[in-house]
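Below is one structure; the comments refer to it alone.
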Amino acid sequence: MTMTLKNLSPGGLLQLILLLVTLHYRVGEAVNSEGIALQDFKQRLDDPVGALSNWNDSDITPCNWKGIVCQNLTNVVISINLPSRNLSGIVSPQLANLKYLEQLKLHNNNFCGKLPEPFSNLTNLRVLNLRKNAFSGYIAPSLGMLKNLRIMELANNKLEGPIPESFGSLVTHLKYFNVSNNQLSGKVPEEVLRRFNGSSYLGNANLCGVSGVGLSPCTPSPALAPASEPSLPLRPHTSSLSLVQIILMSVGLFLAFKFGIAVLLILRWMRKDTDIEISLGAGGKIVMFQGGHGVAPTSREILRAMRLIRKKHIIGEGGYGVVYKLELKDHPPMAIKKLKACLESARSFENELDTLGTVKHRNLVKLRGFCSSPSVKLLIYDFLPGGNLDQLLHGEKMEKDFVVDWPIRYRIALGVARGLAYLHHGCAPRIIHGDVSSSNILLDTEFEPYLSDFGLAKLVTANDTHVSVTVGGTLGYVAPEFAKSGKATEKVDVYSYGVILLELLSGRRAVDESLSDEYANLAGWVRDLHSNGKATEAIDEYLRETVAGVDLDLLLEVAYHCISLNPHDRPQMNKVVETLEIFTETGYSPSGTSARTSHADPSKPLASDIPGFRPIGSYFIFDT
Ligand SMILES: Nc1ncnc2c1ncn2[C@@H]1O[C@H](COP(=O)(O)OP(=O)(O)O)[C@@H](O)[C@H]1O
Ligand SMILES: *[C@@H]1O[C@H](CO)[C@@H](O)[C@H](O)[C@H]1NC(C)=O
Ligand SMILES: *[C@@H]1O[C@H](CO)[C@@H](O)[C@H](O)[C@H]1NC(C)=O
Ligand SMILES: *[C@@H]1O[C@H](CO)[C@@H](O)[C@H](O)[C@H]1NC(C)=O
Ligand SMILES: *[C@@H]1O[C@H](CO)[C@@H](O)[C@H](O)[C@H]1NC(C)=O
Ligand SMILES: *[C@@H]1O[C@H](CO)[C@@H](O)[C@H](O)[C@H]1NC(C)=O
Ligand SMILES: *[C@@H]1O[C@H](CO)[C@@H](O)[C@H](O)[C@H]1NC(C)=O
Ligand SMILES: [Mg+2]
């Protein structure tokens, strides 16, 4: 049908214009900005019962979506009401864009992660009900700024740390407040306690304060406590028993006590050993990736072996969970990591792992597969028999006169750099490790290093304990800008790599209380030494004596650049690799001893030619 504007009646023309306008409206603005925020909320969740299935992003407003209530005239969202919908995952910080939100009711679900800090922007919020979820971490003081809040229900979660002082002004207009059954600690702020002295704090063992129900008094002073009174009758002069009798009685009691403990321990041990460590529950799946050396074990084989895993197979525990060794009949052993952390959603978990499964490099621990079930998430890796770098450098082996020689250290430095460079520059999409630390560098029997846990930082919302930021603001491996913003970039990895390099060069831990009064962290200490022109003092004395010093100074300079406070001053990992490889090019091979052959070939690059690296002080990088 051909139709020109000429033979249209005025009515038809109007209709056409209306049609065009509506079309434009539909195409141009699929859903309004509040809808976009809510779609992000949905994206990050697991919704096993389809509670959000009618959240269709081709609607213009979210007002007809289940659980959403809008104001009638303006169509702004004023309530999110999704209790008991079996939802899990983290709550999108984008909800802070719902400026007119008055009620947020998500109780009886399985939400996890921290309480999103941007919630403090929801200045119209009147009801916040998050009871009975798995929220964890500290309560942000900024939540105390919710001026219109009337009901704050946080009971039955896993919240830690103190009740912020800022809640003092919050509670003055609050009608209901409950933080029972969390893991809060410290003193309840006085104003909060004055306003709510009833059963608002039950089941927080380390929370204290005067006069609240279920609270113990703070700072119980042992000198004032009358608890020492009952022991008085045992004193010889107040009792008719002889000294010998008392001693015999005490010995008898002591032995009976020990015996009781032993029986308990044995019982517990017997029970534990028969405990099944990994139970998949119903409806899980195991995905094994192909590739890698040898034939991959089948899911069935993995499943069979997994049933035999017991407590004794635990090889380590870290921020992400417990790691087990999995013995297989016809294949080399594997390592299974049981994630305890809070996941954004199972869907994004699987997508992300499909990507990580394709990553293959000599210096990266191969991800062999994963297992995803509602109750448990497992990662299956190649097993590395040589322990981790932290144990190698700072573990017990050192005490038994086991010295980690320079060729080993160099091999590790180069291998780790290559692994990271591959993640940053050799992968599509590029991968940011996000958690480079010496405990994430695993070794084989030849001391070849393998980076583990790459990409997990993005996947798992880190719990508070994992990032090693201590109270004084001391940082081990974490770049300062990352600690502030939480935004991971390649340069964050480069910083952590610099700390690893310093660990290898100095033999010290990333966080070492003995360094100086000012700096408990290695990076700060070295930066300080460097600014005083004494950087070489950072190098391990043993290394300085056994290796010709000039090589180490270049490496120290590389490390110094990596730990620059300004991310832009840090080199890229492929640049670092290039620099480290100079040593192999000039005959300084990782497997050789410190045989520094003369620099015969003048066409080979000098370290000082590489942009960003200058020799320290008056040292020459390559003397002839
Ligand atoms: N693939 C593996 N092979 C051998 N040991 C491993 C493997 N993965 C982890 N481990 C051991 O388990 C420990 C705990 O691992 P992880 O949960 O990653 O915590 P973290 O890295 O914080 O130490 C590691 O330090 C390491 O010693
Ligand atoms: C969303 O709505 C559009 C039209 O309004 C429809 O074509 C589409 O099938 C819906 N999608 C879902 C997932 O319901
Ligand atoms: C919106 O209108 C409906 C019916 O017109 C009414 O029942 C409802 O209470 C109104 N909601 C608000 C928030 O005003
Ligand atoms: C929600 O989860 C609980 C326990 O996990 C289960 O018993 C219940 O049937 C689930 N609800 C629905 C609607 O699937
Ligand atoms: C929250 O409020 C602060 C300060 O008022 C502002 O800087 C920030 O951008 C807001 N965040 C969101 C997500 O609206
Ligand atoms: C307990 O709370 C009530 C009202 O919330 C208040 O009137 C009373 O003074 C409080 N008691 C103490 C000891 O603070
Ligand atoms: C707070 O929650 C706990 C646990 O559910 C409950 O026992 C207690 O009565 C509640 N307190 C108030 C003041 O409602
Ligand atoms: Mg690890």
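The backbone N, Cα and C atoms fix where each Cβ goes, glycine too.
Per TrEMBL, transmembrane segment is recorded for 243-267.
Over the domain 'Protein kinase' (309-583), the average per-residue pLDDT in this prediction is 86. According to TrEMBL, the feature domain 'Protein kinase' maps to 309-583.
Feature annotation from TrEMBL assigns ATP binding site to Lys338. In the three-state DSSP assignment, the secondary structure recorded for Lys338 (ATP binding site) is strand. Sequence-distant neighbours of Lys338 (ATP binding site) (same chain, 6+ residues apart, CB-CB distance under 8 A): Glu277, Ile278, Gly321, Val322, Val323, Tyr324, Val376, Lys377, Leu378.
Taken from TrEMBL, the feature region 'Disordered' applies to 588-607.
Under the heading compositional bias 'Polar residues', TrEMBL lists 588-597.
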